[in-house]
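According to TrEMBL:
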type	residues	note
COMPBIAS	319-333	compositional bias 'Pro residues'
DOMAIN	10-146	domain 'Teneurin-like YD-shell'
REGION	296-339	region 'Disordered'
TRANSMEM	220-245	transmembrane segment
TRANSMEM	257-279	transmembrane segment
Amino acid sequence: MSPTTRPLNRYRYDALDRLVELEPLELEKLTRFYRGEHLVTQLKGQDAYSVLQHDRQLLAVQSLDGVERNSLLLVTDQQRSVLQMTGPDAGVRQVYAPYGHRRVESGPGGLLGFTGEAVDPATGHYLLGNGHRAFNPVLMRFNRPDSLSPFGRGGLNAYAYCLGDPVNFSDPTGRFARLITSLFSVANARITMSPAIPFKLAKDALQWGAAGRLPYKYTLGAAGSTVAGVATMASALTGVASAVAGITGDSESAKTLGFIALGLAGLTVVSRATVYWAARDPKTVTALKRFVENKGRAPSDPFRPSAPPMSPSFFSPGPDQPSAPFLTPPPTPGILRSGPLKLAGKRSYDEMLEVAATRPILVARRQRSPLNPNKKIRWT
């Protein structure tokens, strides 16, 4: 094989698709061991390097050169990038470009670099996700598309690193799943800009029994708006709790709360999508407003008089009074009577007759009157 076609490096993976051996050209073979997503030990000939860390916090690198053991304390930033390695004799400082490019040092100083990831000594690339995907800090992009990207090989910038913001974000796995929360935020923002149902209106409609009295489309819209509002608040509070747990060092609680916040964010997206589907009909918000204004009475419900039914004898005239005009055929719409109708009896109500455009509406007011069987109905 000619020198121009010889490979620079040979990589070997285990059954879990983790990079376990690197064999650079004309260099010693490297063997790596992991705990979860992080490198813990690297063997290079007779030398061994061990990484001491607590959860995601890097603490020190211990090297064993034959029989001599040496330890270096690590100074890192919020992204686990190693800024300085301090030992009993001297220290090693690290300076990075925005996307993590640096001069690779030999020995323990070159083991960990940008975001605490190990460097490929032959190429200077970071092999993220235990060797799953190579990131090129010079080109500021990955060398191949994301295998979990839903956009395919020619899709939406499948080579990008951290959405173009390596200062505030990191991608230790090199997989698209780390961006699910960001996509949920974008989807929520997009749906929020669409027609929606106000949270208070939806909550009041459900309290007045919209689930059994309005069409299912209006009911789903009200339920979706209510669930979206509650889930958004719960997701925000859970995210804050996860961040606090991460700061205090409770990694298990932080991880659990993070998954809960992610699930609530997904529930919010589904609920807002339901609201968007229902709110596309302009009648939805109008129907919910009328339902709440009528205090739970749908527009199709029949009119229910508040006064109790009265017996026919109640309307019979007395001996000294003429027959009541109320017993005559009802007036046609649009014709007003000359005065209000006053009722008196055992259960008397002072009812004023108001004529609307299509039907009369009775407005009742309770009035005390003496019990007099001879005094039935009189006009004033």
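Here the Cβ of each residue, glycine as well, is placed from N, Cα and C on the backbone.
TrEMBL entries are annotated by machine, without manual review.
Computed over the domain 'Teneurin-like YD-shell' (10-146), the whole-number mean pLDDT of the model equals 85. As a summary of secondary structure, the domain 'Teneurin-like YD-shell' (10-146) carries 11 helix, 68 strand, 58 coil according to DSSP.
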